[in-house]
Number of protein chains: 2
Amino acid sequence: MENNIQEEKIPSAISPLSGNQGASGTIHVFAPATVANVVCGFDVLGFAVNEPGDEVIMRVTNKPGITISKITGDDGRLPLDPAKNTVSVSVQHYLQSVGRTDIGLDIELHKKMPIGSGLGSSSASTVAGLFAIKTLLGDDADPVNLLPFAMKGEEMACGHGHADNVAPALFGGFVLVRSYEPLDIIRLPHPKDLYCAIIFPDVDVPTREARQIIRKNIQMKDAVTQWGNIAGLVSGLFMNDIDLIGRSMKDILVEPVRSMLIPDFYKMREMAMELGAVSFGISGSGPSVFAFARDEGTAHRITQKLQQHLTAINIGSNTYVSTINDKGPKVIG
Amino acid sequence: MENNIQEEKIPSAISPLSGNQGASGTIHVFAPATVANVVCGFDVLGFAVNEPGDEVIMRVTNKPGITISKITGDDGRLPLDPAKNTVSVSVQHYLQSVGRTDIGLDIELHKKMPIGSGLGSSSASTVAGLFAIKTLLGDDADPVNLLPFAMKGEEMACGHGHADNVAPALFGGFVLVRSYEPLDIIRLPHPKDLYCAIIFPDVDVPTREARQIIRKNIQMKDAVTQWGNIAGLVSGLFMNDIDLIGRSMKDILVEPVRSMLIPDFYKMREMAMELGAVSFGISGSGPSVFAFARDEGTAHRITQKLQQHLTAINIGSNTYVSTINDKGPKVIG
């Protein structure tokens, strides 16, 4: 296939997926950060936010194969080797699947959020890359078809092919991963006026280790409490009932363990709730934490207060406030 | 209080809840059977059906206190002693709570479903009794206020004050018991064209024992599978998506144990699914089983086939087909 490269250029970025046509041009894509688990929904729930997010600039080249020419915002932590970077690996899997390994691509990855933050950093990059190549090739198939490739990236990034970050990054909004075998993704509604305040305390909590500390055996009665809460949260999302969402967002199984890796987790919760948060919890496997709030002002007061507190105990932090992202990835240039 | 009985009669059954007025007349109430657990929703989900259900005839007497003059359909298994019968005990708790122990009541209880069937038999009776006295007294408070009294009845009947039968019996429809402390009941929508086929194999599975065989410790990964499914089922109910409801109704934690107490459970499932059932599972703690079907004909074919099978292995059975009950208890005379 690789010697079958087509030199012709097509004016539009939209070209047929199959056949002997090539793809041309450059595309600049944003994909959102995501909050997985969502307190009571360990391993099955996630949602996307409008800020932060990662950006990929993808350019068609005339030499088959993928190169990564630039990565910014990663402090030199991510590999430029396309065989080792989750973005290029995912895109390569996709190209193999659609029979287009004849294409040459160069990728720039601009990380706009910290790595290892619990905000689905690798998912955002991977989804941005996949959305870029899908758009360049004019592939109008359902985005759900990109999921397996994005999950390949997750497997590489954190040792486990989870979908609770990549699915919301790809679709936007709230997503339920009901089942993995077969993969069953349900898109859930959410209140439009729900604000998400995110605080990333700059401490190191690797996803792999954060998984390992979770208990393997639990009590049935605790599981019942947890699934009552996840059923309540899902109901609250459908009913547009922010009170119900708030009182359902309790995690008695994972948070008690993972919170130990996060500085002053319970103190931060107390501060957030006193300021009027609807709920507060760990984003993904941490160390980022998030709060839901009913308005932008409250969300900002929460991030400010928590950042001040972290500064006082000598921990740097990044903060973000946004509504829930409803669109997933988007072309920005 | 008890010597303060009022002899005056009020023409309408609706009378003020407080004050020195009495209540009068006779009321005949139906309350529905219920399917608790609903496969993946162990201890938190339940729904009501239109058939079967129990009936209570309640008559105001001129002697303070409660009597039970008649019970039918129980094969002599239920106590006529008002201090030992769940209906009278619940009604007595209610009367104490509203300060109306001055009233005299006689109760007839007509069981229209087998006892110990896993169909919320005691809940139906209790809710019928509570709805009867509430209506007689003209108490127009939210029916949710009756729940604590109904749960007292459940505690007496099965050793555990659960709400997953009494709540749907009281409200009709699908009900989520998100939490017990504090009690948080969420009413869920459901597809209008969902038919429920119920088969009660006449074998003995006491609720108390059916609870005891359930594992106390489970694996986290199995709990995650289960709460993915309950989140899927709740989503399917809101989305009116019968396919999603069907594929979410899987129970890997409780059913594998409880099904051992039900003759040919997996054979019956296979038969029901082959006939086009949407899902199949244990009702409450069994031995009743139920299937969802998309139309009445399919539901009837399922009950007929399973009844034939049970007959062939010398087990008697009762069968019922109905849509989901949306109203809860109702006055029928």
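Heads up, the Cβ atoms here are built off N, Cα and C, so glycines get one too.
Here is what TrEMBL records for this protein:
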BINDING   B:P114, B:I115, B:G116, B:S117, B:G118, B:L119, B:G120, B:S121, B:S122, B:S123, B:A124  ATP binding site
DOMAIN    B:90-173  domain 'GHMP kinase N-terminal'
DOMAIN    B:239-310  domain 'GHMP kinase C-terminal'
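Annotation note: B:P114 (ATP binding site) sits in a coil segment as assigned by DSSP. Around B:A124 (ATP binding site), the same-chain residues six or more apart in sequence whose CB sits under 8 Å from its CB are B:A31, B:P32, B:A33, B:T34, B:G53, B:D54, B:M113, B:A169, listed in sequence order. For the domain 'GHMP kinase N-terminal' (B:90-173), the DSSP-based tally of helix, strand and coil residues reads 46 helix, 7 strand, 31 coil. In the structure shown, the C-beta of B:G120 has more C-beta neighbours within 10 angstroms than that of any other entry among the binding-site residues B:P114, B:G116, B:G118, B:G120.
Across the domain 'GHMP kinase C-terminal' (B:239-310), mean pLDDT in this model comes to 97. Taking H, G and I as helix, E and B as strand and the rest as coil, DSSP gives the domain 'GHMP kinase C-terminal' (B:239-310) the counts 40 helix, 9 strand, 23 coil. Other Cβ atoms within 10 Å of the Cβ of B:S122 (ATP binding site) number 27 in total over all chains.
Note: the ATP site is recorded as B:P114, B:I115, B:G116, B:S117, B:G118, B:L119, B:G120, B:S121, B:S122, B:S123, B:A124; in the same chain, B:A33, B:M113, B:N165, B:G284 also have Cβ atoms within 8 Å of that site's Cβ centroid.
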